Structures are given as structure tokens and as C-alpha cells.
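Single-structure report; data block below.
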Amino acid sequence: MNEKTGDKLGFWSIVLLAINAIIGSGIFLTPGSVVQQAGSKALVVYFIAAIFAAILAISFAAASKYVTKSGAAYAYSKAAFGDKIGFYMGVLRYFSASVAWGVMAVGVIKSTISIFGGDPNKALSVTVGFLVLMAIITIINLFGQRVLKWVMNLATIGKLAALILIIVAGVVLLITTGASSHLSEVDQITQNGQKIVPTLTTTTFVMAIVSAFYAFTGFESVASGSEDMKDPEKNLPRAIPLAILIIAVVYIGVVAVAMVMNPKALMTTKQVVAVAAIFNNEILRDVILVGALVSMFGINVASSFNAPRILEAMARKGQMSKALTKRTKNNFPIRTFFISVALAVLIPMAF
């Protein structure tokens, strides 16, 4: 394995990797459904979801302090419960990560086609777009970890910039126009004479939390490539909770602005990128759409980093063939990557 220090992820690159792995399409596409479920309590829902995510993230961060080998949940399970449980966890995590990568890639293509007015159910367009996306991600990885690191960092900065733009633009518009609604009014909004937000029950509240929590998932895979990070025992325990904190603040800010500015548009829009519907300015909408596309691309790049390294970690521990540990001169885990790409491409296409 190439141990070039310059190729490894430093503290801020790990923070950006965590943010990139967590922020995907969820916050751009789903806040309308969460607000529709929870109404004026949507901010509370996101806060609770953030707390749950933080608790889990801190658990992973604590484990990463003592187990610095790649593999994340696989490495932790193996260290805590032995080889057999570790093997089962590794196989489960690897296959789920690879298949999830492929499913997310299909979702990116379908969302992109919808954004540009095409038919997302047209199999040929989706298949061609899917294969092109996977080819681009493969080329990025072939250039090595240094290039991959820069692409992931830029994608993360791009998606954060789009979300911060929503908050800043919303606040500026609220101040300059004075057009706003009180959060309590969200529950009273109607469409065709019917209330959009149903009466809040324990069931709908819990379901709203589950929906919101989806936007926080991804942190569990960050430590999959810990051996490709500088001082993982020191940096991971600090980077993961910091990433969750940044994301929680941004998410709550975005949802708060959307609920105060134009909650009805957020809940009733047919646009793929729901948060873009709260603005009437076409330039702002276009920038947010680009940010959403960058975000969805970024999470696929993060998946291409995480998934192969789970299988590689198992090979390094002798639970898979040692041949799978081969890396190129660019520090690229070539064999585990192409196995992961094959799973990510073939399984979604089979269905």
C-alpha cells in the first residue's frame, strides 16, 4: 500500500468527506414531505433527528479512536465480537454499501432527467446516463486518491454553498420584502379547501422523524477508509461530530427559511428539488438546482471511496483473498473498486 502522506485525508478533508457522505439528495428533495407530516413542529423533528444522528455518530467516533483500521462497522464488530461476527458484518456492510451506491446513482440520473424535463421512466435514457456517471466516477478514482480527495472536497463545498445560499437569500428576502408567515400558520394552510397538514399524532410525528433522519445518514461509512486518513485515531473522533453539528445547523436553517418564506410551495410543489420552489427568482432556482446536482454527484463519489475499502479491509485481515489488497501506484484499490462497480451497476440494472 502506498503510504504517501500527501495522498491521505487530513482533518478538514475528513470533515468534508463526512459532510459529503451525509448530504445527498435528502435535504433538497424531502423537506416538503417532512413539513407536510409534522407541520409547525418540523423544526423540532429535524432537531430530534439531529440528536439521534449525533448519538450514533459519537458512538462511531468513539470506536474509531480505538480501532484505526479501515472497515468502519466491520472493523469495530471484528474487534469487539471476534472474526465470525466481524465477517458477517463485513459482508453485509460491503454488499449493502455497493448496492446502495448503484441505487443512489440511478436516483441521481432520474432526478437529473426530471429536472431537465425528460421522462425519468425511460429505460434507455436512465441506463445510458447511469453508465456514463459510473464511468466518470471510475475515471476520477483511476487518477488516484489525491485527485479523488480534491473532487470530494470541491463537491462538498459546492453543496454547502448551495444550502447556505438558500438560508442567506431567504433571510435577505424576508428582511427586504417583509413577506413571511408565522410557523404556527403552517398547520392551517389549505389546498382545494382541505388542510395540507394532518392532525399531528404520535405515529405521524415518529414517521416525520424517520423521514428527517434519512437526511442525516451516511456518517457510519466515513471510517471505512481510515487507513487512508492522517492520524485517524485523533482526527475521526473530532471530525464526525463536527460534521453532524455543521449539517444540523444548515438543515434546520434551510427548513426554517422555507417554512417562513413559502411553506405552501414547499409542501405542494411538483418540482424534483422541493426547496427551489420557495423562490420566485429564476436565477436562485437554477443555482439551487445546480447545487442539488453537485450534492447528488458528490455522495456518489463518496460512496466510490467508502464501499471498496470495506472489502479491502476484509482482505487485509485474511477474511477475503489477499489478492484484493492490490493498489496501483496512485494508491487506488483497483480490484476491490472494480468488484464494487460491478455490483453497483449490475444489481440495479437487473431490477
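Cβ coordinates come from backbone N, Cα and C, glycine included.
Summarising the annotation, TrEMBL assigns transmembrane segment to 9-31 (among others).
Feature annotation from TrEMBL assigns transmembrane segment to 43-63 (among others).
The transmembrane segment annotation in TrEMBL covers 94-117 (among others). Long-range contacts of the transmembrane segment (94-117) within its own chain (CB-CB distance under 8 A, at least 6 residues past either end) are made by residues 24-25, 29, 74, 125-126, 129-130, 133-134, 221, 224, 272-273, 289, 292-293, 296-297, 299-300, 303-304, 306-307, 310-311, 314, 340, 343-345, 347-348.
Per TrEMBL, transmembrane segment is recorded for 123-144 (among others).
For the transmembrane segment (156-176), same-chain residues at least 6 beyond its ends with a Cβ under 8 Å from one of its own Cβ atoms are 16-17, 19-20, 23, 27, 246, 250-251, 253-254, 257-258, 260-261, 275, 278-279, 281, 284, 287-288, 290-292, 294-295, 298. Sequence annotations record features per position, and here TrEMBL assigns transmembrane segment to 156-176 (among others).
For 196-219 (among others), the entry in TrEMBL reads transmembrane segment. A Cβ distance under 8 Å defines the sequence-distant neighbours of the transmembrane segment (196-219), meaning residues of its chain 6+ beyond its ends; these are 18, 21-24, 26-27, 30, 33-42, 45-46, 48-50, 52-53, 56-57, 60, 186-187, 189-190, 240, 243-244, 247-248, 251, 264, 267-268, 299, 302.
TrEMBL lists 240-261 (among others) with the feature transmembrane segment.
Packing against the transmembrane segment (287-311) from elsewhere in the chain are residues 17, 20-21, 23-25, 28-29, 70-72, 74, 90, 93-94, 97-98, 100-101, 104-105, 107-108, 111-112, 115, 133, 137-138, 140-141, 148, 151-152, 155-156, 158-159, 161-163, 165-166, 218, 221-222, 224-225, 227-228, 273, 275-276, 279, 320, 324, 333, 336-337, 339-341, 344: each is 6 or more residues past its ends and has a CB under 8 Å from a CB in it. If you look up TrEMBL, you'll see 287-311 (among others) marked as transmembrane segment.
Residues or ranges marked as transmembrane segment in TrEMBL: 332-350 (among others).
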Proximity of the transmembrane segment (9-31) to the transmembrane segment (240-261), 3+ C-beta pairs under 8 angstroms: yes
